[in-house]
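Remarks on the structure that follows.
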């Protein structure tokens, strides 16, 4: 059959699948027949294209593992068709659907699945590059990195530490502090793990026997409920615990017996400024006096 007719028939099958809604469903698609083969056939290639050119074009839909560009035995020139293998079989579907019927180097190419690819016979007169392709393929080789022995690595670390200490970038006291902090964090983590384990045990006991021993329930409450939630912010329940005192943001009245004379003068200036602002707003600037609120009027002589 004419290659162009094959291209048209293949495109018609794809259009029919789209109209029936089978596109993307591999179980109903015609691509399912070739699910066990990662090889594709490429026909109608330009004679000027090499293996590298074909790989450069077709690698945009997957990693190419092998290629067999058919060449003339005597001259070594390309015959215009090739077989290409992908790493992932799903890449063949993308290549067939997208590359079939396109124009490449001013020639229409045909791309189709290969159900059973036959490996070419080994020939002694083939050149070294072709033999290497047959044996190894064209996939990129993994970069193997050999790790140095543990003794060599320890020596490198020791030298690096010595250099740092000589330069003065790292202090011995600082290193000790870092180690101490790490140990502390590790202990805290272990303590938290134990606490979580105890809570889980107590919760299981409480779930099994809701009307059980009160001691277990009390332990569970002590573990789960925070002291602030249980007692509130009452100072009587602090039990001598040290708490961070918030810094006062307003201007407090200084203790005239202990304060420095500068603080007293600053406080007086700020107080006068506050009085002036209150007077401007029409508010009273008189200081609060205990006799106005707590002493009875008949004792005030009014």
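Glycine residues also receive a Cβ, built from the backbone N, Cα and C atoms like all the rest.
Keep in mind that TrEMBL annotations are predicted by a computer and have not been checked by a curator.
Keep in mind that what you see is a predicted model, and the values were worked out from it rather than measured.
Looking at 182-216, 217-251, the stretch flagged in TrEMBL as region 'Disordered' turns out to be 182-216.
Confidence over the domain 'RRM' (38-116), given as mean pLDDT on the 0 to 100 scale, stands at 91.
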